[in-house]
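Record features (Swiss-Prot):
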ACT_SITE  Lys166  active site, proton acceptor
ACT_SITE  His285  active site, proton acceptor
BINDING   Asn114, Thr164, Lys168, Arg286, His318, Ser370  substrate binding site
BINDING   Lys192, Asp194, Glu195  Mg(2+) binding site
MOD_RES   Lys5  N6,N6,N6-trimethyllysine
MOD_RES   Lys192  N6-carboxylysine
SITE      Lys325  site 'Transition state stabilizer'
Amino acid sequence: SVGFKAGVKEYKLTYYTPEYETKDTDILAAFRVTPQPGVPPEEAGAAVAAESSTGTWTTVWTDGLTSLDRYKGRCYHIEPVPGEEDQYIAYVAYPLDLFEEGSVTNMLTSIVGNVFGFKALRALRLEDLRIPPAYIKTFQGPPHGIQVERDKLNKYGRPLLGCTIKPKLGLSAKNYGRAVYECLRGGLDFTKDDENVNSQPFMRWRDRFLFCAEAIFKAQAETGEIKGHYLNATAGTCEEMYKRAVFARELGAPIVMHDYLTGGFTANTSLAHYCRDNGLLLHIHRAMHAVIDRQKNHGMHFRVLAKALRMSGGDHIHAGTVVGKLEGERDITLGFVDLLRDDFIEKDRSRGIYFTQDWVSLPGVLAVASGGIHVWHMPALTEIFGDDSVLQFGGGTLGHPWGNAPGAVANRVALEACVQARNEGRDLAVEGNEIIREASKWSPELAAACEVWKEIRFNFKAVDTL
């Protein structure tokens, strides 16, 4: 018909296309959709595709000025979620032309920007994205990646060890630097600013950076190992963030840090570019992630936030522990840990991976395990996370009865014992406690740590299930 038909029509007439064959250049999304009572799943899935691409609530005559077929998102498959009533996985394909090159910000604004407040849905969760190689190639990704970081640090064949300096707020810069020095001298590779240490009245950023740099170089000179402290460059403005990163570089610090969700993807990508251009490693903290990813039926799964970070750029990112005080179920955690580190990841629904993902040689990100872990967890952590990880013990270092440096010694001895045992073919899952006990015979520091934390458990039911 020549005329334009005004009015409201069902989304599924335009946006539900089960016969569609996805293209290699499409961005694919898997949404967990909970429709309102009476809304059929096809309509709900189509509504998601429409509202996150070209659609609006009514027909508009300007639709005729473009080719909707070329630009619309399409819901191409719907399946019920096993064991859940009235919940569906809706698969949506987006043409690549809907997205600005090299902008995670634009990608997320399109895919999850508006549609989550949509009335026809009771709840909506983005479970996974398939990023096509054509789009990945528009991103720089991590400033350096796993191999380059190992070469810079000259550390191979084992996980790296870190420690978040506690109490996280309230120390003066001088005392803070002292704690950094003691931990690094004792045998850790890194120490870390807490995510909320920025520049507060009790410790301004410049003073902290100076004392931490002094601690790093003193510990390096004494141990003969390369050391680092994650200097948190997160700030209220991008200009201030740059100022902090520049000062870190001028001090000769090896690594800076950013809170990528509170700081935002635009700031994060800018900082990642600066870090690559200036030889700084970039540690990423995921503060605020649980606001977005903790609810099972609404929000975004962390694997999406992790993929977005690999595109935006970061050399380390916090990824749960499986064994500590914070959320993280084993198979699902390992699923997104692989998505961070590996170049090619096969679809595997049992691990929450909805799509095969090819990163086409984008550098990988080291997974950071942090939160309520101590020496007794070391065998499990070594087995679960493998070598390409950073194991961070805050209280598990600074809580040692003899002080910070002995706490660091205990962790390093425990780690080296676990790595050696693994390399000799022993089963860490079965013999873990025995390996730690053996090692503690030769290390009084480790023996004291074993005594303090022998009864600590964080046993709660996992929330992050399929």
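Keep in mind that glycine also has a Cβ here, set from the backbone N, Cα and C atoms.
Structural mapping of features recorded in Swiss-Prot.
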residue : record                       : Cβ contacts under 8 Å, 6 or more apart
Lys5    : N6,N6,N6-trimethyllysine     : Thr59
Asn114  : substrate binding site       : Glu51, Ser52
Thr164  : substrate binding site       : Thr191, Lys192, Asp193, Asp194, Ser370, Gln392, Gly394
Lys166  : active site, proton acceptor : Asp194, Gly394, Gly395, Leu398
Lys168  : substrate binding site       : Asp194, Asn196, Val197
Glu195  : Mg(2+) binding site          : Asn232, Thr234, Asp259, His285, Ala287
Arg286  : substrate binding site       : Asp259, Tyr260, Leu261, Phe302, Leu305, Leu309, Ile317, His318
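Ranking the recorded positions His285, His318 by other CB atoms within 10 A of the CB puts His318 at the bottom. Taking the Cβ of Ser370 (substrate binding site) as centre and 10 Å as the limit, one finds 24 other Cβ atoms among all the protein chains shown. For Lys192 (Mg(2+) binding site), the number of other Cβ atoms no farther than 10 Å from its own Cβ, over all displayed protein chains, is 29. The record assigns Asn114, Thr164, Lys168, Arg286, His318, Ser370 to the substrate binding site, and the maximum Cα to Cα distance across that set is 37 Å. Asp194 (Mg(2+) binding site) counts 18 other C-beta atoms within 10 Å of its own C-beta, drawing on all protein chains shown.
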